[in-house]
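According to TrEMBL, the protein carries these features:
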DOMAIN    B:2-186  domain 'Glutamine amidotransferase type-2'
ACT_SITE  B:C2  active site, for GATase activity
BINDING   B:D99  L-glutamine binding site
BINDING   B:L232, B:V268, B:S342, B:G343  ATP binding site
SITE      B:E344  site 'Important for beta-aspartyl-AMP intermediate formation'
Amino acid sequence: MCGILAVLCLQDCSLSKRSRVLELSRRLRHRGPDWSGLYHHENHFLAHERLAIVDPTSGDQPLLNEEKTIVVTVNGEIYNHESLKAVLKESHKYRTESDCEVLTHLYEEYGEDMVSMLDGMFSFVLLDTRDNSFIAARDPIGITPLYMGWGIDGSVWFASEMKALVNDCEQFKYFPPGHIYSSKTGSLRRYYEPKWFSEIIPTAPYDPLLLRQAFERAVVKRLMTDVPFGVLLSGGLDSSLVASVACRYIADTKAGKQWGTKLHSFCVGLKGSPDLKAAKEVADYLGTLHKEFHFTVQEGLDALPDVIYHIETYDVTTIRASTPMFLMSRKIKSLGVKMVLSGEGSDELFGGYLYFHKAPNKEEFHKETCRKVKDLHLYDCLRANKSTSAWGVEARVPFLDKDFIDIALGMDPAAKMIRTKEGRIEKWVLRNAFDDEKNPYLPKHILYRQKEQFSDGVGYSWIDGLKAHAEQQITDQMMANAAYIYPYNTPTTKEAYYYRRIFEGFFPQNSARTTVPGGPSVACSTAKALEWDEAWAKNPDPSGRAAIGIHEASYKEPSETPVMENGEGATYKMLKLQESIPVVPVK
Amino acid sequence: MCGILAVLNCHDCSLAKRSRVLELSRRLRHRGPDWSGLYNYGNHFLSHERLAIVDPASGDQPLFNDDKSIVVTVNGEIYNHEALKASLKQPHTFRTQSDCEVLAHLYEEFGEDMVSMLDGMYSFVLLDTRDNSFIAARDPIGITPLYMGWGTDGSLLFASEMKALMNDCEQFQTFPPGHIYSSKTGGLRRYYEPEWFSESIPSTPYNAQLLREAFEKAVVKRLMTDVPFGVLLSGGLDSSLVAAVACRHIGETKAGKQWGSKIHSFCVGLKGSPDLKAAREVADYLGTLHTEFHFTVQEGLDAIPEVIYHIETYDVTTIRASTPMFLMSRKIKSLGVKMVLSGEGSDELFGGYLYFHKAPNKEEFHRETCRKVKNLHLYDCLRANKSTSAWGLEARVPFLDKEFIDVAMGMDPDAKMIRRKEGRIEKWVLRNAFDDEDKPYLPKHILYRQKEQFSDGVGYSWIDGLKAYAEEQITDQMMANAAYIYPYNTPTTKEAYYYRRIFEGYFPQYSAKATVPGGPSVACSTAKALEWDEAWSKNPDPSGRAALGIHDKCYQKPAERHIIERVGGESYNKMLSSEESIHAAVPVQ
């Protein structure tokens, strides 16, 4: 990833303003440790902090067209840049090998419509000096972060992270994914509007081969790199599929030829955690060069302020899950790896969260998956991008490939419904698509196993440690006043209060807290899905463990179900007492 | 390099204090981007930000002895760690492969005396939990930075950079190189006191072979690494010798077997600069994998505030020279290289600065070299360490090897005296030591060429650009008030004023400005050496160009010596910038 900052239509363009822009851009330096670029034209500044993944030696930004009239600062990867170059009617001279240079040339020929032509993850600001107009855009799902803000001097600001805007903008907000901002109209417009967006129930029958091929293409596209890379492997279904497909195709790619055809894989956890064990098993099967990173609860706790500063949220599950990812990213970077593939998005597309077991019908199931995908930029995309970018590591997410999403959300949702008695556990359509007897992607027991939800996989004592630490820090009296101190999105647990207090320390502005979603949820559901179960509506809890009675283990051993504990309104514990991984598929 | 922070004898050891220590340690994270460690015992905190060079997999810090009663947080490399391990009398269990773990075990057996046994560059704080005592120490020359400070709650702090101390200490200062602080005596004590330190004039005759061998040993020692590395190659004598020796021995080392037996070399400059050309020539000769980095004056200017924040000085020549090094370090790091060898120290040991031409006798010559070496930690060591550490890159400086210094400073200084007519240009003793006819280290014309002084090598317009920019930023009225605004070390040029203003913005404390040396200087001389030339004492100038009439070119074309220009109150010689300056001084042997 890179960090971008654009300050447009400034009133004052003095040397001190230049210094200020440099200073603000520096706050995004972790995203792009390799080089900085600042472009200044009249009352506009485009700044860039670069992480060099494609063309490290010459692709410094901002990038320009031939006459240097169009300038762009980009954070992202344009996977179809080669074919885009081919569609250009005029012949263009390229100054770099960067995949992003094509943007300026595309704009020259297609104007604002070029945004819909892009396949990749991106946030960019493009300035057309011929008429002093500019556009800003963010990828369809919001894999890359982008914020926009307004200065009291009439200036408009865009930045990869809000920490670059907080002090200089009177108001700011997140830039909605799939949108383009045009200075000509002065407003935002949605450019990404695929069929699934309307939430109409699709009827195309489930086609496993089509799904498989789409995913393979999504992974292969993302092997475009000039630097060493790897896969984040938790041992769950999603990351294991990413690793398996990457292993299968790495030898054909330029990256494989340059960096070796053995795939690197990485896993993080407390010592002895379920993820470490599961990932090792998959790594052994695939023959990856596997690295395990151990962290202690104390190290995780010590990192929390850093994590919250970087990921810019106070959402409890996001912070829990970001911390191990943040720690692991640092270690990955220290090994010289700059890019990783990661499994985010699958649970949203296929209804992989345990609470989907309670979906009353296929319509509700489908609508919930749509809502979840639309919200990804606030949760898992934000986590995956910012936890890794904190250390100059780029995360690529093949499940959120545009074409793959169309297929995954374009099939009759009846196929996705969970029917445990028929052996259809969650994400069955995906598991089945990769169930290749002749040339297996993964061993059956891995392909069909249920994995830990959320942060439990890194070790149970992680969440317990977080709660205990918050208990020490936050008094009952503080909780009693919580609604007065934090009237917006009032924290309801000590853990949430603790995170919120740290967040407010870094980002005290009202605009900042309103970038974070709130509202009731069970096990990461949307508020709407709480209607699926009466008990949920009464006692929402952010933890995955709360969707209790759903995990396969509970189906098999109902006698243990009553072993529960009430920790801050959350019911759990059962899952802790038993091995939670193996599930024999009933096919 | 790594970043260390120790907070000892805190009054308050609550969770909030832990958070504060973590926050302060984060300010040193650029030095050690790879991992963080924090150790808390009683009312003491030892914190560490790690750059993993040796044993990346397991060497996380702080480090312990066997029973974990002794804890140490270290920034540095102990080159003789293998020999030290062998010298331990008791059997010890080592938990890591880190070269620094030996410190805890050594202390167990030798107590404070262990400091003198170390060969390397280091700053560390060691806590003995058995009696709640602690020591802190810094390497002989101060290659690694260290600061110490005092809190109003009775606490004592040590940190690699002062940015981690400035808000929490009532007073702080540079930790003097070659010293140890012991909590038992509550004071600093010099532990490094070699013969040259007294500044008495040595009489050992110049031995070319001995000098060469000592330098080769110094370079080889520094090839101890488990990660990719390279050489900073400006094309001048010093960096070229480092590169030549490294190339010759890389094949024998573990690093060479792991990372390939071709040396990577790096050079920075404005497009078309003298250094780029000179370095390219040397790289071609040695067959290194050479990478050039170009920067623009605008990029350099934009980086100045960051440079000052990182290197923590307002010294004009240091900032000028640090900026290209800072920019280059970022690019080097982006290529995956974590460690570089660099040529600092040679000019001080051998009197390589042009003003040494005016040394009246060998005694004065020698004493000036001693003074220069003693001050290195304030200038070139500070620059080399902090410019690279800003990006998690470690610089190693073979010329400042303890044993090499003893040889270089232990010879009769008469050999170092510059005698143009006899073909003895500056640093002749070093050049001659590597003048091997049978198996040349470098081609003769490179071995005997005079190079740009200071920052001119990266391109003449760099210094000119800095001055012009400062001229824009600083008004005459500001200069008129300078002595009132900055009564301590008052800036005398607009450029100095500009740097000072940025420095004060980051480090407003009185203690901070007092860590930076001042006083008159010509071309980086000490104040004492101004006595060598009447003109100098009248018109001191920090630029190398000012040591006019000394550069070889001037010997050849005395007619041009008068082309002088006055810019911003500084006089310098335009002549040097208008012609090719990397020209061979043909050695008359």
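Please read every residue number as a count from 1 along the shown chain.
Keep in mind that glycine also has a Cβ here, set from the backbone N, Cα and C atoms.
The residue listed as 'active site, for GATase activity' falls within neither a helix nor a strand when secondary structure is assigned with DSSP, and so counts as coil. Those residues of the chain, other than B:L232, B:V268, B:S342, B:G343, with a C-beta within 8 angstroms of the mean position of the ATP site C-beta atoms are B:V231, B:L233, B:S234, B:S239, B:F266, B:C267, B:M325, B:M328, B:V340, B:L341, B:A384, B:A395. Sorted by the number of other CB atoms within 10 A, the recorded positions B:C2, B:L232, B:V268 start with B:L232, the lowest.
Residues B:L232, B:V268, B:S342, B:G343, recorded as binding ATP, reach a greatest CA to CA spacing of 14 Å. Mean pLDDT across the domain 'Glutamine amidotransferase type-2' (B:2-186) comes to 94 in this model. Taking the Cα of B:E344 (site 'Important for beta-aspartyl-AMP intermediate formation') as the reference point, the closest of the recorded positions B:C2, B:D99, B:L232, B:V268 is B:L232.
Here the CA atom of B:D99 (L-glutamine binding site) lies 23 Å from the CA atom of B:G343 (ATP binding site). DSSP assigns B:E344 (site 'Important for beta-aspartyl-AMP intermediate formation') to coil, not to a helix or a strand. According to DSSP, B:D99 (L-glutamine binding site) sits in a coil region rather than a helix or strand.
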